[in-house]
Every structure is written in C-alpha cells, then in structure tokens.
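Written below as structure tokens is the structure these notes are about.
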Amino acid sequence: MIPLLLSLLAALVLTQAPAALADDLKEDSSEDRAFRVRIGATQLRGVLGGALAIPCHVHHLRPPHSRRAAPGFPRVKWTFLSGDREVEVLVARGLRVKVNEAYRFRVALPAYPASLTDVSLVLSELRPNDSGVYRCEVQHGIDDSSDAVEVKVKGVVFLYREGSARYAFSFAGAQEACARIGARIATPEQLYAAYLGGYEQCDAGWLSDQTVRYPIQNPREACSGDMDGYPGVRNYGVVGPDDLYDVYCYAEDLNGELFLGAPPSKLTWEEARDYCLERGAQIASTGQLYAAWNGGLDRCSPGWLADGSVRYPIITPSQRCGGGLPGVKTLFLFPNQTGFPSKQNRFNVYCFRDSAHPSASSEASSPASDGLEAIVTVTEKLEELQLPQEAMESESRGAIYSIPISEDGGGGSSTPEDPAEAPRTPLESETQSIAPPTESSEEEGVALEEEERFKDLEALEEEKEQEDLWVWPRELSSPLPTGSETEHSLSQVSPPAQAVLQLGASPSPGPPRVRGPPAETLLPPREGSPTSTPGGAREVGGETGSPELSGVPRESEEAGSSSLEDGPSLLPATWAPVGPRELETPSEEKSGRTVLAGTSVQAQPVLPTDSASHGGVAVAPSSGDCIPSPCHNGGTCLEEKEGFRCLCLPGYGGDLCDVGLHFCSPGWEAFQGACYKHFSTRRSWEEAESQCRALGAHLTSICTPEEQDFVNDRYREYQWIGLNDRTIEGDFLWSDGAPLLYENWNPGQPDSYFLSGENCVVMVWHDQGQWSDVPCNYHLSYTCKMGLVSCGPPPQLPLAQIFGRPRLRYAVDTVLRYRCRDGLAQRNLPLIRCQENGLWEAPQISCVPRRPGRALRSMDAPEGPRGQLSRHRKAPLTPPSSL
C-alpha cells in the first residue's frame, strides 16, 4: 500500500512540476524586468476638432539608476492600429524624433524627455478617422513594455435643410433650425475636421462664425468655389445675416436610447409620434439620429423623425441599401433634394428614450432578405452659372441624391449604379469618387415608372439611399494616416501655437449677396462665360468679400534621415511644446543692405549685430548650450569656449535678451524686434497699405518662419500682407522694402495667369497661413508692422536736405542721403543710418561754395594719376578732324 501511495505522490509532483516551473519563471521574468508601461484606461473619447491627451507612464520595477540600468534615453514609439493595419505615429529617443507625415504638427510628447517616466501623447485637431487603437511602447536597453487603449472620436457634422426649399435659412434661422433638431450649428473647426476625415458636400451652409462654407474632396466644375482645381473647404467669408443658405449642424452626445419602431402596418407621422409616446419615448430628432449613427447605429429601414423627414442610418453599406457609402440617408420628393414625404405616407419610426445607459451603439442592422428591390439614387446634372466680371460671384449647383416618393410612400426601383466595395465601418470605407452626373442620369430621375415603386417598405431593411453626406473618394480611400516619415528635433514636434484648423473671421460687412454656392467665388469669369446676371441673383459691384484660397495641405519640409536606433542623443535638454521657433542667425555681421528713404522705411527682420547686442557672456554647465536656445525674444545664441553669448535684436538686452529696452506704442504687440497692430476693418490692399503708412508702418512683411507663425496664430483671419507684384508681373516685393528671405506659398501659387490682376498676396490662416495671390480690390483685414526700435526725423542741416519725402518714423538700418543746396559742392559721405539704439548716425556731409571755373576745369584738366581721367568722369568731347 505504501509503495502505491509513493508512486501516486511522485506522479502528482511530476504532473504539477511543469506548471509550477512556468509560474516561477514568469515571476522571475516579471521581477527581472526593469519597468512596465501602463496607460490606465481601456477607452478614451475625444471630440471632433479638439485635442486628446493619451496617458502613458513608465513604472520602474527596480531603481532606474542601479548598476543593471541601461544608459541613455529610452526609445518611445506610438502606433495607431485599425483592423490588421498598423501606422507608426512617432518614434522618439531623447531630443530626436521621427513623425509620420500624416501626423505632423498634430502630435506632441509634452513631458518627454524632461520626464523619462511620462511619455503621454497629445493628439490635436481630431478627425473622424483618428478613431482606433493607440499603442504606447517603450524600449530601454534589452527591456521593453507596451500598453494600448481604444480611442473614439465623437461628434458628427451634417448639412441640414428643411423639406420646403433649398437655401432657406437666415443666420438666426440656421441657429434655431439646428437647436430644433437636437443639435447645434457647427464651428469652422468642426467642419474642417470633418473635411479632413473625408466629408464632402456641394451645398453652401452657415457656420457659427456667420461665415458660409462647404467642403469639397473632388474638385469639379460646379463645386470649384474660390479654390478652382483644389480640394478644400470653400469659403464665402462673413456674409449678411439675412442672406439665405443651408446650415451645417453638429451633433455629439446621444444621452439616451434610440430604437426603431417597426409595426407590421407602418405608421403615418402622427401615428408614429403616438407610437413612441405609448412606449415612454418620443419621436427622435434628426440630430439624435446622426449622433446614434456616429455611435454605431446601423438600420436599413427608413423611419419618421420629429421634423417630418424620413431617414435611416447606415454603417455597413450594401448594394441594396443606398450604394457603397455609409451615412444617414434621407428620402426626398424631388431630385434637387427638397420635399419631405407627405405625413400621410407610412414608414417605420425612430424613437428616443432618455436613459443612463444609451444602447444605440449596440443596434445591429436587420438581416438581408432576398428578392428586395433596391433604393434608387437619382442625380441631377451639375451646372455652373457665372456672373459677369463686375459681379465677381457665381452660383454652383450641388451634387443631387434623392428618392422620388409616391403618394403611398414608395420609391423608385430603377437599377442602381454598381456599388463600391462595402467597408466594415464608416472610417474604413473606400468608394468610387463622385463624378458630375450626366444628362442621362437626370432624365432617369424624372421618368420613374409608377409600377416600379416600392411595394413593401420592409424591404428597405437591406436597401439604402445615398445622400452624399459622407464621401470617401478614391484618392482618400485609406482613412489611416500614411505617407513618408520625416525626422525632426523634438522642438519641432509639438503643434504650433495656432489652432491650424480654425476657419473663422471676425464679423464685418460681408460680400455681395448672391444666393447659392458660387462656383467661381470672387474670381473673374472665364472666357465664354455668360455676360448676363442669372435669375435669382442680384448684380453686385466690384467690392468683394474674403475668399478661402486653398484647402490643400501645405507640403512639409524634409528633414534628416538618421535613424533613431543609432544610440542615445548627446544633447540632454528639456523639451516642451513650443509655439513659434526662435530666430537664429549664425553670424554677427551687419547687414550690408542699403535702404533709401524713397523706397523703404522699414527693414525686417533686423539681424543681430555687435552694436545691437546688449547681452553678456553666460557660463553654461555643459556642451550643447544653444540647443534649445536659451536666448529670448529672437536672440541668436553663439557658443564660445567659456560658455555662450546671446546676440539680441534691437530693443532687447540682458545676458539672455530677456530685458526690454524699448516698447511698442499702446495697442501694438511686440515680437522679435517689431511691433504689430491688427485691423479687422476690411479694406483693399492699397487702402490698407495707405492706412499703415499713415501710422508710420507698412503692411506686415514675413521674413522668418517664426514671424509667419506669430502673425498667423495671433490674428486668425484672412489678411493682407505686404507682398505684391504690382510693379512688375511675377516680381514679388515687400511694401516695406524688406528682402524676400522667406516664402510660404500655397501649392500652385502664385497663379496670376493671363494678366488677371492677381497682384496682391493674402495669408490664408487656416491653411497654416499659406499665401495666395488675389486681385488687389478684395476687401480683407490687415496687419501693420513697424520696428520696435525706430528713429525719428533725421537731423536737419542748414546747407543740405534729404532725398524723398520726410516721415515721422524710420526703421532700424534705414539709410538716408543728403544733398547740398544749389550752388554748393558736397564733401564727405552724404549717408546716415538709423542705428539699433534709435538714434541717427552723425551726418558727415559738408557743403562748400563751388569755386569759379570748376566746372570747365573738370572737363579739360586730367583728374586721375599720371594725367588719366577719373574712372567715373566722361572723356572730353573732341570734334572730328578733317581728312
């Protein structure tokens, strides 16, 4: 008996040994790890157009400075995952970072590398396709750890119009309409974020800042607006509050349960309302349906809503449910997307019930049934109406998608176009690009046979209708950020101080009132365009509003290509998100440029010089003192053996250029040696420049990337800058005479072809402040600029006077020239320069009376050495000798 028990015990021990050994090894492995990465959340929610901080912290399992600790900086990698695809967002090690081009200017590590335990990621300007899983991975030596979190971007922008007519809302009416349907009027940032996520709508609509815009992914003749040939958000600028347009609404949180009521006999609108009330709910609003769709609701069944419209949400498109695009589909009576079905027609109904636990996102689409006819998408031919040149406005017709509805609630059943491949989610859809509808499609839309209408609307459980509210063109087939990766220093990773995606403009008198979205907003008509004003539009004068000039993302600069895996950085400096970058000048030489008073009164930027530098020598504790630059206010850091030295711009002093020696006048703002004042009053370019000159300034010149970021972020409007080619076509010069040291043109700009008069330059602030040339008679806001340090009137001399008209202020480095009065001869240098301390150089010119006969002797007597004529004097004229 005892041997049997011993054998059983031995067998039990041998059976348990592998598992126990594995547990011991696992514990040993866990204890042997140097650190563990934790995010601390399973799901995070962000708001469309907003910013989201994704936490990620490193927890050390043994002292970080122990003998076994790896030297150098840990390697941090953030990855975006969607389905079976992975996209690298950024990789950082110390002060070096590599950022995916699709995330450039949108991601930052606010604490790293100052804190090696906080590698949290900040993702700004959230888009719909930013929803997915984000993984944080940290590697240090041979140790690595990672954690992941799901991110959901909530919020949806949609076009809304009542069934009666297209373009029927004033600005106040638009706000009320969005509130009536359980939403609010969208902001420019939200519309732009939706556009970046693939949204397209060829219908002009109000936004919260009283501007009128519409997003276009695929430029086409009828939807070109003020950005002919380029994708982007078309913009009319601020228009009159009584003008009539559609409205873009924004819905975000559902805060309850939305469910489909589908009785066998269907319901009229009044019966649908009572149906919901009997179940302790109310008939859902349009905004609530959009919010539920954004949360995952997928129902291929048209149902009544509170505003009398009939709609249904589609997440997974199919051939029988409206084609290959996800979105909320709407049934219209007419091909121009107007007319809701009669309230006596019978449909299902969408009800909404307040609940602490919304369940709309868990709704699933109904199963497919065979033999069902498809919902027809009827398109109307696109048109473009152009006004004559004096009007500078035109009207565009939107792409039309609607379903003719019969009196019994049925719709057409013509064969739909071949659908694109059905994606799994709205953010993964890849569809055929929308092309302008043809004549045949329009004729099909008005010739639907009565017997081909729907017989049973329950068949709509597998059928969908397209409203072209969410368009994923072939060019944007992949919602995942892709593209080349560039490497930057960490100071370049953080997003700029400006919110790049803001589109607003301050209220001011708007452009001429023209109803309908313009196809060529504020642009002269092309050859062959009509010469009469189309009906429904009033003739307007030459004074125009502010267009948006491009929606094409700015091309990024390529950086170095060294790998992050090469080892830790040797530049341990604290990094944090920064705004405009510091101006750096690699030398101390003075500018050799000469500015005459007749052509310029300002030269920006003023480069640091020996005389301008009020800074001393600061001793630094280690090498790499100038990375990042310790100098403030645009000062230049120079490394020296004993430390570093800051060369200050005029107006600043101190060891680190942090002491202000001069200050701007009240109402002006200082930045890196210049003063700026913004005017929201809209003027033509010439009027704006004249107004600036009356203040002793000029329209702003942009000479550095830092100045570009400051002006664009500080004054978020379309605005004039001083660049123009009014003198010679194609030769762009700054109005203040500053050298052309920096350019930030929009792709394809400047494009003033055929002498169209686009001779002045506007800064389009929401496109990272990129520039476009436009006609000078546009009325835009503007910013004036003058030097922080300037000189007053030049010294007056009794026998000499300056060239040009006197001015009250002269910028640093401005050079004036004296000339002697008639009958006097000049001696010594006639030039004086405005110095960095705001004082003129002492004049050295002297004027003496001319000696009699001087002019004759200058023509006859040799002036140079050895009897040679001076190089700059003409040879005496001798009459030809006779042969």
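Heads up, the Cβ atoms here are built off N, Cα and C, so glycines get one too.
Reviewing Cys776, Cys784, Cys791, the cysteine that Swiss-Prot connects to Cys834 via a disulfide bond turns out to be Cys791.
Looking up Ser224, Ser359, Ser613 in Swiss-Prot, the residue bearing an annotation of phosphoserine is Ser224. Matching Swiss-Prot disulfide entries to the candidates Cys760, Cys776, Cys784 identifies the partner of Cys692 as Cys784.
Which of Cys56, Cys223, Cys249 pairs with Cys136 is settled by Swiss-Prot: its disulfide partner is Cys56. Highest Cβ count within 10 Å among the glycosylation sites Asn129, Asn336: Asn129. It is 30 Å from the Cα atom of Asn129 (N-linked glycosylation site) to that of Asn336 (N-linked glycosylation site). Across the domain 'Link 2' (256-353), mean pLDDT in this model comes to 90.
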